[in-house]
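Undergrad: Under the heading chlorophyll b 1 binding site, Swiss-Prot lists Tyr59, citing similarity to another entry as support. Positions annotated as chlorophyll a 1 binding site by Swiss-Prot: Trp81, Ser87, Glu100, Arg220. According to Swiss-Prot, the chlorophyll a 2 binding site annotation covers His103, on the basis of similarity to another entry. For Arg105, Val154, Leu183, the entry in Swiss-Prot reads chlorophyll b 2 binding site, with the evidence type similarity to another entry. Among the features that Swiss-Prot reports, chlorophyll a 3 binding site is placed at Gln138, Leu148, Glu215, with the record citing similarity to another entry. Feature annotation from Swiss-Prot assigns chlorophyll b 3 binding site to Ser158, Glu174; the stated evidence is similarity to another entry. What Swiss-Prot records for Gln166, Arg177 is chlorophyll b 4 binding site. Positions annotated as chlorophyll b 5 binding site by Swiss-Prot, on the basis of similarity to another entry: Gln166, Phe263. Positions annotated as chlorophyll a 5 binding site by Swiss-Prot: Lys214, Gln232. Look at Swiss-Prot and you will find Asn218 tagged as chlorophyll a 4 binding site, backed by similarity to another entry. The annotation chlorophyll a 6 binding site is assigned in Swiss-Prot to His247, Ala256 on the grounds of similarity to another entry. The N2-acetylarginine feature in Swiss-Prot is assigned to Arg36. The phosphothreonine annotation in Swiss-Prot covers Thr38. Taken from Swiss-Prot, the feature region 'Disordered' applies to 28-47. Positions annotated as transit peptide by Swiss-Prot, on the basis of a curator's inference: 1-35. For 101-121, 153-173, 182-202, 221-241, the entry in Swiss-Prot reads transmembrane segment.
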Amino acid sequence: MAAATMALSSSTFAGKVVKLSPSSSEITGNGKATMRKTATKAKPVSSGSPWYGPDRVKYLGPFSGEAPSYLTGEFPGDYGWDTAGLSADPETFAKNRELEVIHCRWAMLGALGCVFPELFARNGVKFGEAVWLKAGSQIFSEGGLDYLGNPSLVHAQSILAIWACQVLLMGAVEGYRVAGGPLGVVVDPLYPGGSFDPLGLAEDPEAFAELKVKETKNGRLAMFSMFGFFIQAIVTGKGPLENLADHLVDPVNNNAWSYATNFVPRK
């Protein structure tokens with residue numbers, strides 16, 4: 001890493017040294033230095049991977065055509081599709097890539113949170129309210145909201161208190177991520193590793209590169225799932241498992257097309 005940094009800090013042109021980046025003394029100034037490290041570029045994956053490089057899997061397979069020149073297959077989830085040109089600018093691409101990964105992770109957690117309470121309730125586990133779109137409103141009931149139906153865990157009775165806790169907790173987590181940890185030493189805020197990888201899944205570079213692709217693919221699917229859950233909540237007012245059960249009982253009358261053509265906003 002040190003050798004790479006030195007190589008990037010200077011170069012030669014016509015026999016003269018040309019400085020490409022400031023020295024450490026120029027950065028520190030009056031003795032003040034930042035511990036934050038910038039994220040490195042994605043390490044190249046072996047040419048045998050079907051998910052990276054110019055010969056990677058494309059969005060339409062053999063009918064995809066030529067991918068844009070700026071989509072080189074360097075990052076996970078790059079299928080060579082960017083009709084709107086959203087990734088043409090490198091800075092915009094880096095920002096959108098970070099936003100996508102973060103939203104993928106939240107969507108995967110959200111999808112689990114929408115499905116599993118309803119699944120547990122259908123199998124005898126008691127919840128105050130298992131349907132995700134109705135669970136939050138329990139805080140306005142007379143007894144308040146008990147987490148996991150247990151008043152000894154968290155007994156919430158104030159929406160303002162819950163909001164304040166959410167702001168503090170989420171702000172702390174997001175601040176930790178953006179700042180690169182308490183000392184700013186995290187190299188890549190998207191894949192920090194260390195204590196965030198207790199199982200050591202990132203130790204093998206090849207396996208880690210494939211896990212990044214799986215995360216992106218499952219995250220995109222989860223975002224579409226959450227969008228579907230939102231639409232279902234607006235149209236039917238039911239949870240995803242109840243909607244699935246209704247569809248399996250009567251698929252002709254309980255499907256997206258029948259609801260779209262006969263939709264009347266619920267009162």
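A Cβ is built for glycine as well, from the same backbone N, Cα and C atoms used for every other residue.
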Undergrad: Using other CB atoms within 10 angstroms as the count, which residue among the binding-site residues Tyr59, Trp81, Phe263 scores least?
TA: Phe263
Undergrad: Return the residues near Arg220 (chlorophyll a 1 binding site) by Cβ distance under 8 Å, restricted to its own chain and a separation of at least 6 in sequence.
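TA: Within the chain, Arg220 (chlorophyll a 1 binding site) has Cβ neighbours under 8 Å at Gly77, Glu100, Cys104.
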Undergrad: Calculate the distance in Å between the alpha carbons (Cα) of Glu215 (chlorophyll a 3 binding site) and Phe263 (chlorophyll b 5 binding site), and round it to a whole number.
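TA: Rounded to the nearest whole number, the Cα-Cα distance is 35 Å.
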Undergrad: I need to check the long-range neighbours of the transmembrane segment (101-121): which residues 6 or more away from its ends have a CB within less than 8 Å of a CB in the stretch?
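TA: Tertiary neighbours of the transmembrane segment (101-121) are 127, 130-132, 135, 190, 215-216, 218-220, 222-223, 225-226, 229, 239-242.
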Undergrad: If one measures from the C-alpha of Ala256 (chlorophyll a 6 binding site) to the C-alpha of Gln232 (chlorophyll a 5 binding site), what distance in angstrom results, rounded to a whole number?
TA: 9
Undergrad: Please compare the binding-site residues Glu174, Glu215 by how many other CB atoms fall within 10 Å of each one's CB, and tell me which has the fewest.
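TA: If we count Cβ atoms within 10 Å for the binding-site residues Glu174, Glu215, the smallest count is at Glu174.
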Undergrad: Please indicate, using numbers and ranges, the residues of the same chain that are 6 or more beyond the transmembrane segment (221-241) and have a C-beta under 8 Å from a C-beta there.
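TA: Contacts with the transmembrane segment (221-241): 103-104, 107-108, 110-111, 114-115, 118-119, 122, 130-133, 259, 263, 266.
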Undergrad: Sequence gap of 6 or more, C-beta under 8 Å: which same-chain residues meet both conditions with respect to Ser87 (chlorophyll a 1 binding site)?
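TA: Within the chain, Ser87 (chlorophyll a 1 binding site) has Cβ neighbours under 8 Å at Pro68, Tyr70, Leu71, Phe93, Asn96.
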Undergrad: Write out the long-range same-chain contacts of the residue listed as 'chlorophyll a 2 binding site', meaning residues 6 or more apart in sequence whose Cβ is under 8 Å from its Cβ.
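TA: Expected: Gly219, Met223.
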Undergrad: Please report the distance from the Cα of Gln232 (chlorophyll a 5 binding site) to the Cα of His247 (chlorophyll a 6 binding site), rounded to the nearest angstrom.
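TA: His247 (chlorophyll a 6 binding site) has its Cα 12 Å from the Cα of Gln232 (chlorophyll a 5 binding site).
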Undergrad: For the chlorophyll a 1 site made of Trp81, Ser87, Glu100, Arg220, how many Å separate the two farthest Cα atoms?
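TA: Among the residues the record ties to chlorophyll a 1, max Cα distance equals 17 Å.
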Undergrad: Quick check for you: of the binding-site residues Arg105, Arg177, Phe263, which have their Cα within 10 Å of the Cα of the residue listed as 'chlorophyll a 4 binding site'?
TA: Arg105
Undergrad: Given the recorded chlorophyll a 1 site (Trp81, Ser87, Glu100, Arg220), which additional residues of the same chain have their Cβ within 8 Å of the Cβ centre, ordered by sequence?
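TA: Here the nearby residues are Gly77, Asp78, Tyr79, Asp82, Leu86, Asn96, Arg97.
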Undergrad: C-alpha of Gln138 (chlorophyll a 3 binding site) to C-alpha of Ser158 (chlorophyll b 3 binding site): distance in Å?
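TA: Rounded to the nearest whole number, the Cα-Cα distance is 11 Å.
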